[in-house]
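Features reported for this protein in Swiss-Prot:
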type	residues	note
SIGNAL	1-21	signal peptide
DISULFID	Cys23-Cys35	disulfide bond
DISULFID	Cys29-Cys44	disulfide bond
DISULFID	Cys34-Cys67	disulfide bond
DISULFID	Cys54-Cys75	disulfide bond
DISULFID	Cys69-Cys81	disulfide bond
Amino acid sequence: MKVVLIVCLVWVMAMMELVSCECWSQADCSDGHCCAGSSFSKNCRPYGGDGEQCEPRNKYEVYSTGCPCEENLMCSVINRCQSA
């Protein structure tokens with residue numbers, strides 16, 4: 001019984017952590033993060049580092065597969081961050 005209780009407690013804590021990262025807009029995310037994902041499941045994600053997946057910045061700040069790159073990096077045509 002104790003094991004079931006511990007497993008349930010860990011599961012609830014994990015779900016709370018996932019929910020706390022959800023976002024509706026860029027304003028919901030901290031510095032260095034963007035709001036990205038599908039219409040039904042957006043999460044705050046870190047800006048892309050060198051070689052990581054990215055999406056070019058856009059005026060609407062709407063991203064589906066990844067965030068823009070960190071400063072001094074640009075998003076290449078293959079959606080990977082690289083030196084500008």
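Backbone N, Cα and C atoms are what each Cβ position is placed from, and that goes for glycine too.
What Swiss-Prot annotates, mapped onto the structure for a quick look.
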residue: Cys23; record: disulfide bond; CB count, 10 Å: 17
residue: Cys29; record: disulfide bond; CB count, 10 Å: 21
residue: Cys34; record: disulfide bond; CB count, 10 Å: 23
residue: Cys35; record: disulfide bond; CB count, 10 Å: 21
residue: Cys44; record: disulfide bond; CB count, 10 Å: 19
residue: Cys54; record: disulfide bond; CB count, 10 Å: 26
residue: Cys67; record: disulfide bond; CB count, 10 Å: 26
residue: Cys69; record: disulfide bond; CB count, 10 Å: 25
residue: Cys75; record: disulfide bond; CB count, 10 Å: 21
residue: Cys81; record: disulfide bond; CB count, 10 Å: 23
Rounded inter-Cα distance in Å - Cys81 (disulfide bond), Cys54 (disulfide bond): 6
Closest of Cys29, Cys34, Cys44, Cys54 to Cys69 (disulfide bond), Cα positions, disulfide-bonded residues only: Cys54
Spatial neighbours of Cys34 (disulfide bond), counting only the disulfide-bonded residues Cys23, Cys54, Cys75 and Cα distances within 10 Å: Cys23
Those disulfide-bonded residues, out of Cys23, Cys29, Cys44, that come within 10 angstroms of Cys67 (disulfide bond) at the Cα: Cys44
Inter-residue C-alpha distance, Cys75 (disulfide bond) and Cys23 (disulfide bond) (nearest angstrom): 23
Cα distance (Å, whole number) from Cys29 (disulfide bond) to Cys23 (disulfide bond): 7
Inter-residue Cα distance where the pair is Cys35 (disulfide bond) and Cys54 (disulfide bond), in Å: 13
